[in-house]
Amino acid sequence: MNIDVRVIGITGASTMLLSETGVDLTRWKEEMQKEAKPADLANFVRHLSEDHVFPNKVLVDCTADTNVASHYYDWLKKGIHVITPNKKANSGPLDRYLKLRTLQRASYTHYFYEATVGAGLPIISTLRGLLETGDKILRIEGIFSGTLSYIFNNFEGTRSFSDVVAEAKEAGYTEPDPRDDLSGTDVARKVIILARESGLRLELSDIPVESLVPEALKSCSSPNEFMQKLPSFDQDWARQRHEAEAAGEVLRYVGAVDVLNGKGRVELQRYKRDHPFAQLSGSDNIIAFTTSRYKEQPLIVRGPGAGAEVTAGGVFCDILRLASYLGAPS
Ligand SMILES: NC(=O)C1=CN([C@@H]2O[C@H](COP(=O)(O)OP(=O)(O)OC[C@H]3O[C@@H](n4cnc5c(N)ncnc54)[C@H](OP(=O)(O)O)[C@@H]3O)[C@@H](O)[C@H]2O)C=CC1
Ligand SMILES: N[C@@H](CC=O)C(=O)O
């Protein structure tokens, strides 16, 4: 069985995805430019759904766009499968999310989003596996941001805070606007996704979030302006790092879902140097599931949680899962 796979968004994760699937990039680039950024999304989708060459069609949304995400319901209704690393739909308004999930359960059209948390790490599938086998989730906590992990793993006194932020952006770990990472919004979205997956009915606004964006930089009109002004706050960050170091501690940005009490939180914390959260390197995520089955020792998933390659791997894995659900030969 053949599947018609269309990707929206042409850089970062999606370009890497094409190379992973063996597509000749130079030959396809021009075609992708035309399709991947359709000026008129509605027309693009209408043509796709009316094209009967392939029985199965999948749209892979590799943007971070809220508007693109708002179309998933209609696409699924038209029989188009949706795969995405974009967090906007699952962390958006609760009523829309519930509508999407209800439709997904009632139809034969699939909606996969493993890469929304931890990029290529098996986070959603691990959580699903626990729930489907009758385990009870008590708490999920960890470092959910590859960007903030990289920043605090590398902000060790040799480079300024703003230099390390620029490195994370250069490496492709940040969201298109790095303020989405530093404000804690990206982590809060992941906390909401995991909370909802665990059965909680929370809105993004229910999660208290400690923002690392200085008040004075919240109104910057562009990501570039923000990056240019960030060095003026390097002294504050150096002081915070010194204070932690003097106490034998490190700074880490963490998220948590307290399933028992129906709450989530996102904040900057200090940890002793021997704590597992202090042992990470690069863009590592670490996610600990405390459940009825894994109560004394949580189930831990750890590894690089950002970057085009691992994100593409997570998306590609969803495409292969879809192919296997649809009975395509491997
Ligand atoms: N990078 C990572 O480590 C991870 C990313 N993700 C998620 O993956 C998604 C993509 O991230 P990443 O590849 O890093 O981002 P990039 O910014 O590298 O790529 C996003 C692409 O989407 C395009 N785009 C934006 N809006 C639209 C639109 N309305 N229609 C068509 N194309 C559009 C952008 O074009 P232009 O630049 O011209 O605006 C750009 O080419 C995001 O949702 C992110 O949260 C998830 C896990 C990890
Ligand atoms: N900007 C995000 C990318 C993955 O979701 C991060 O840094 O974790």
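Note that Cβ sites are derived from N, Cα and C of the backbone, with glycine treated the same way.
Remember, TrEMBL labels are computer predictions, not curated facts.
Annotation source TrEMBL lists domain 'Aspartate/homoserine dehydrogenase NAD-binding' at 3-114. Confidence for the domain 'Aspartate/homoserine dehydrogenase NAD-binding' (3-114), expressed as mean pLDDT, is 81.
Annotated NADPH binding site per TrEMBL: T63, K87, in sequence order. Take the CB of K87 (NADPH binding site) and look out to 10 A: across all protein chains shown you find 24 other CB atoms.
What TrEMBL lists as domain 'Homoserine dehydrogenase catalytic' is 122-320.
Residues or ranges marked as L-homoserine binding site in TrEMBL: E175. The secondary structure of E175 (L-homoserine binding site), as reduced to three states from DSSP, is coil rather than helix or strand.
In the three-state DSSP reading, K190 (active site, proton donor) counts as helix. Taken from TrEMBL, the feature active site, proton donor covers K190.
Listed in sequence order, the binding-site residues near K190 (active site, proton donor) (C-alpha within 10 Å of its C-alpha) are K87, out of T63, K87, E175.
Counting every protein chain shown, 23 other Cβ atoms lie within 10 Å of the Cβ of T63 (NADPH binding site). Taking only the Cα positions, the spacing between K87 (NADPH binding site) and E175 (L-homoserine binding site) is 11 angstrom. Looking only at the recorded positions E175, K190, the densest Cβ neighbourhood within 10 Å occurs at K190.
Ligand 2 lies within reach of none of the recorded positions T63, K87, K190, judged by a C-beta closer than 6 angstroms to any of its atoms.
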